[in-house]
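A.B. asks: So TrEMBL has the following annotated:
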type: COMPBIAS; residues: 7-21; note: compositional bias 'Low complexity'
type: REGION; residues: 1-22; note: region 'Disordered'
type: TRANSMEM; residues: 47-67; note: transmembrane segment
type: TRANSMEM; residues: 73-94; note: transmembrane segment
type: TRANSMEM; residues: 127-152; note: transmembrane segment
type: TRANSMEM; residues: 159-180; note: transmembrane segment
type: TRANSMEM; residues: 195-216; note: transmembrane segment
type: TRANSMEM; residues: 247-268; note: transmembrane segment
type: TRANSMEM; residues: 274-294; note: transmembrane segment
type: TRANSMEM; residues: 301-321; note: transmembrane segment
type: TRANSMEM; residues: 327-345; note: transmembrane segment
Amino acid sequence: MRRVSDAPATKETATSASSTSPRSYLAAPHRWLELTPSLVRRQFQQLLAFASLLVIVIFFSVVNPHFSSRSNLTGILESTTVVGILALGTTFVIITGGIELSLGTGMTLTAVLTGIFLVHLGLPLPVGVLCGILSGALIGFINGTTIAFLGIPPFIATLATMLIAEGLALVISGAAPIYFSEVAGFTGIARGTLIPWLPNGVLILFVLTVIAAIVLNKTLLGRYTFAIGSNEEAAKISGVNVRRWKIAVYTLSGAFMGVAGLVLAARLNSAQPALGVGYELQAIAAVVIGGTSLQGGKGSILGTLIGALIVGTVTNGLRIMSVEPEWQTVIIGIVILLAVYTDILRRGRAST
């Protein structure tokens, strides 16, 4: 079998060689036999998440028959769209062992900037939309650069960006909403229906899910994402430019953030300074519930989508049951704790 490095064996290289080394993601086509148990576990986690989703749907359908109506199920999909898009990009970040706390306010800033581009500057719709997405990518690029080159921990770096983005959104918008009523076709980004009965926002989520799955599983970026999260030092020894690929991961997450901001603004027909507050926690919850490990190295796009649907379904079901919003937040927090604890138990079993 191909060795991780020609350098003398060290504790780090020995560890990576005995487990899942970066080389296994890059250049060893016959490692599939050894990775089969890991793949089976990942498939089991996805099936478990999907089974949990079905149980939740059945429970709320029994409690309130209106829950399973087509209009309500469509509403669940629509409400899941923004969290789902944010969670897709965040999956890459968390697999590398990082975290992204600027999702909510960063999304707000991209929506506000899109309002400036389209409403105040009068740019054509495609150009304004592209500028909004690029604004999100720029925020992600700044996060990645700060983490990769300044050595600031992801938690602190993205927390700082969260505060900066919140302040900039207030300053740029004048602490007032920006309405898109005069921008023809903007609301169609989220509310239109290219496919009957399926809002465009939901269609965007599904398309991005396919794209994210291909990137994570079939491209160099995806392989390096897993390699960095599995063992960053071993990845460096294997010749991976960790700094560059970390920046790429955060930039990609930022682009997804920009798309999420566009979809939410289109759904509300406005960009509001407090638009995205709290969305970062829901997105991280969706990723964790979907089986991605907060310790890095493991995760899947399909699991994240299922996790986002679970968050949206639970929130909707609690609302139908007339549970107070404050208690809804408490329950979602408990779900997050259970998901994280499950990941800890799973990691403990895997290490024994």
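Heads up, the Cβ atoms here are built off N, Cα and C, so glycines get one too.
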A.B. asks: Looking only at the recorded stretches 159-180, 274-294, 301-321, which one has the largest tally of CB-CB distances under 8 Å to the transmembrane segment (47-67)?
C.D. replies: 301-321
A.B. asks: Short question: which residues 6 or more past the ends of the transmembrane segment (274-294) have a Cβ under 8 Å from it?
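C.D. replies: Sequence-remote neighbours of the transmembrane segment (274-294) are 42, 45-46, 48-49, 82-84, 86-87, 90-91, 94-95, 99-108, 111-112, 162, 169, 260-261, 264-265, 268, 300, 302-308, 310-311, 332, 335-336, 339-340, 343, 346-347.
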A.B. asks: In terms of Cβ proximity under 8 Å, which residues at least six beyond the ends of the transmembrane segment (195-216) contact it?
C.D. replies: 70, 74, 77-78, 80-82, 84-85, 88-89, 91-92, 95, 188-189, 222, 225, 252, 256, 259, 263, 266-267, 300-302, 305
A.B. asks: Return the stretch with the most CB pairs under 8 A relative to the transmembrane segment (247-268), choosing among 127-152, 159-180, 301-321.
C.D. replies: 127-152
A.B. asks: Quickly jot the same-chain residues contacting the transmembrane segment (127-152) by Cβ under 8 Å, restricted to those at least six beyond its ends, or write none.
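C.D. replies: For the transmembrane segment (127-152), the nonlocal Cβ contacts are 89, 98, 100, 102, 106-107, 109-111, 113-114, 117-118, 121, 158, 160-161, 165, 183, 189, 242-244, 246-262.
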